[in-house]
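Visitor: Quick one: structure below, then a few questions.
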Amino acid sequence: MAKVRILIFTLVLFFSLNVHIHGFYLPGVAPQDFQMGDALMVKVNKLTSTKTQLPYSYYSLPYCRPEHIVDSAENLGEVLRGDRIENSPFVFKMRESQMCAAVCRVKLDKKTAKAFKEKIADEYRVNMILDNLPLVVPVQRPDQDNVVVYQHGFHVGLKGIFAGKKEEKYFIHNHLTFTVRYHRDIQTDSSRIVGFEVKPFSVKHEYEGQWNEKARLTTCDPHTKRAVTNSESPQEVEEGNEIIFTYDVDFQESEVKWASRWDTYLLMADDQIHWFSIVNSMMIVLFLSGMVAMIMLRTLYRDISNYNQLESHEEALEETGWKLVHGDVFRPPTNPELLCVYAGTGVQCFGMILVTMIFACLGFLSPSNRGGLMTAMLLLWVFMGLLAGYASSRLYKTLRGTEWKRNALKTAFMFPATVFVAFFVLNAIIWGQKSSGAVPFGTMFALVVLWFGISVPLVFIGGYIGFRKPAPEDPVKTNKIPRQIPTQAWYMNPIFSILIGGILPFGAVFIELFFILTSIWLHQFYYIFGFLFIVFIILIITCAEITVVLCYFQLCSEDYQWWWRSYLTSGSSAVYLFLYAVFYFYTKLEITKLVSAVLYFGYMLIVSYVFFVFTGAIGFYACFWFTRLIYSSVKID
């Protein structure tokens, strides 16, 4: 009867709340309706290159400019990504196609010609935005018929041999054929933009008479319906040449609705690979789960039963294995404060990644919310300082520490300071290259304010709460005199077992890691957080189980120094992550500049460091729970 009343109350509460529920859109991603003839303002973003990894502002090149350049408001994530979104002279009218619209004429001097040549040689791409949709170039996949993939932006130009000449020349894409796809509402006749594509061409424009804004081009003419369809007579980049920038825009009605407009961009042709990755990782998990089950259900049960049935202390001493180290297994490790700091920081990383994954799977961090992912991760990291302080102080008190303020101070500064110094050095390198990817001083100051103003106080609050709580009691008493550790077999060597322990966690994620690195360094879309969340769960289970198994073998060999080894065992997967990053650099990337290589390895070192702290904490807490569980079941006289 009580359950029925609870059910009725729940239903009444639900329907009463449901009356006040209204749908909403995330800021900046709400649909915008356009009537025929409404102005469509195209915005320009950074110039990007996979060869240099150094973004530059669109107007760092002498492109056509509007009368006044206006910077768009950007969130923290966009600034850190190097986005520089500005207005442009490209203005369309909704559902009104244009042909051969002249934007401006630019005469190249030595400096501007050199700037264009450098960007063309480094294969820079121009990025634009219309109604929050990025500009893409549709390209047919050579290995699959009727499969089109979309590339971010269009190349500034191309380099090659033309008209039988022996020397390589530089040619600029000065004519853009835009295609704007829209979905029309029949009832209101309003339209929503669902696609923004371009085909770039290099055309040496010609005109009659003197140049002015209304000069009639002979190479493309809307009056005679002469359109640009190829680059048979390309525009060469050379000092003294004049370049006329033009564009066409064609509006095409589409059946794709606004809510589904990103599906085309995010369509993955590699789903089978992701499923293979998950199945492969699940096999690893099942194998490790079988080993853990065997240890817990057979070996431990038998050992504990036999141990508890021994009649005398002398008989207990004759036993070998993990039971003999019960008087030393909870002896505090060397440098316990550092272990507490890293354990607490690992909990902070875990909380940040977990909540970010949940938000991403719910769609809050979609690509339409540009910069949202990085902004969310930073803010979550700051607020998870509460968990870091709490976890660190709880462990610190368990290890009989007394200076909780010093421990909290180290937790608040050690890991963030290391990452911040590395980030500051890399940012200085980017600044030296005059790249727009350099984080401005104001943003850097905002990061410091978030760190000192929010994260550090939260770490101390968490530390205070954690230290006030009584420390969990050890299941067994610790002997006053440490037990001598016998000579270990070669396969139980700490370095060997630690490195072996990191292979399986890395094996669970390395296929997904390939797609993540590709999205970051080759500027491709990544929005398969469903797959990633499954892999994330598999990684947690794998880290926990492999560390528990190796910890059990270590205790069976009468080595009770498991504290640091448990952290390093799963954390060593970060070593393999960095080695894979090196492999990826030499096999997939075409980076040629030393500065770009330094940036790549610098950022991958930071990522590997975060991965080490995150996976290390998982393995450590798994062993912390495991040792307390098995030794609490042993009867000690």
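Cβ from N, Cα, C; glycine included.
As listed in Swiss-Prot for this protein:
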SIGNAL    1-23  signal peptide
TOPO_DOM  24-274  topological domain 'Lumenal'
TRANSMEM  275-295  transmembrane segment
TOPO_DOM  296-344  topological domain 'Cytoplasmic'
TRANSMEM  345-365  transmembrane segment
TOPO_DOM  366-370  topological domain 'Lumenal'
TRANSMEM  371-391  transmembrane segment
TOPO_DOM  392-411  topological domain 'Cytoplasmic'
TRANSMEM  412-432  transmembrane segment
TOPO_DOM  433-444  topological domain 'Lumenal'
TRANSMEM  445-465  transmembrane segment
TOPO_DOM  466-494  topological domain 'Cytoplasmic'
TRANSMEM  495-515  transmembrane segment
TOPO_DOM  516-527  topological domain 'Lumenal'
TRANSMEM  528-548  transmembrane segment
TOPO_DOM  549-566  topological domain 'Cytoplasmic'
TRANSMEM  567-587  transmembrane segment
TOPO_DOM  588-593  topological domain 'Lumenal'
TRANSMEM  594-614  transmembrane segment
TOPO_DOM  615-637  topological domain 'Cytoplasmic'
MOTIF     626-631  motif 'Endoplasmic reticulum export signal'
Visitor: Counting Cβ pairs under 8 Å to the transmembrane segment (528-548), which of 345-365, 371-391, 412-432, 495-515, 567-587 comes out on top?
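Guide: Ranking 345-365, 371-391, 412-432, 495-515, 567-587 by Cβ pairs under 8 Å to the transmembrane segment (528-548) puts 495-515 first.
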Visitor: Could you pull the average pLDDT for the motif 'Endoplasmic reticulum export signal' (626-631)?
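Guide: Averaged over the motif 'Endoplasmic reticulum export signal' (626-631), the predicted model reaches a pLDDT of 88.
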Visitor: Given pairs 6 or more apart, does the transmembrane segment (345-365) have at least three Cβ pairs under 8 Å with the transmembrane segment (275-295)?
Guide: no
Visitor: DSSP on the motif 'Endoplasmic reticulum export signal' (626-631): how many residues come out helix, how many strand, how many coil?
Guide: 6 helix, 0 strand, 0 coil
Visitor: Considering only Cβ pairs within less than 8 angstroms, which of the stretches 275-295, 371-391, 412-432, 567-587, 594-614 has the most against the transmembrane segment (495-515)?
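Guide: When the Cβ pairs under 8 Å are tallied, 567-587 comes out ahead.
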Visitor: Is the transmembrane segment (594-614) in contact with the transmembrane segment (371-391), using three or more Cβ pairs under 8 angstroms as the rule and ignoring pairs under 6 apart in sequence?
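Guide: Between the transmembrane segment (594-614) and the transmembrane segment (371-391), which are separate recorded stretches, there is no contact, as judged by 3 or more close Cβ pairs.
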Visitor: Short question: which residues 6 or more past the ends of the topological domain 'Cytoplasmic' (466-494) have a Cβ under 8 Å from it?
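Guide: Here the qualifying positions are 324-331, 389-394, 396-398, 400, 404, 553-554, 557-561, 565, 628, 631-632, 634, 636.
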Visitor: Who are the chain neighbours of the transmembrane segment (567-587) in space, where the CB to CB distance is under 8 Å and they lie at least 6 residues beyond its ends?
Guide: 339, 342-343, 497-499, 501-503, 505-506, 510, 513-514, 517, 521, 543-544, 546-547, 550-551, 597, 600-601, 604-605, 607-609, 611-613, 615-620, 622
Visitor: Kindly report the helix/strand/coil residue split of the topological domain 'Lumenal' (433-444) according to DSSP, in that order.
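Guide: Counting residues by DSSP class gives 4 helix, 0 strand, 8 coil.
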Visitor: When each of 275-295, 412-432, 445-465 is checked against the transmembrane segment (594-614) for Cβ pairs under 8 Å, which one has the most?
Guide: 412-432
Visitor: Just give the helix, strand and coil counts over the topological domain 'Cytoplasmic' (466-494), going by DSSP.
Guide: 7 helix, 0 strand, 22 coil
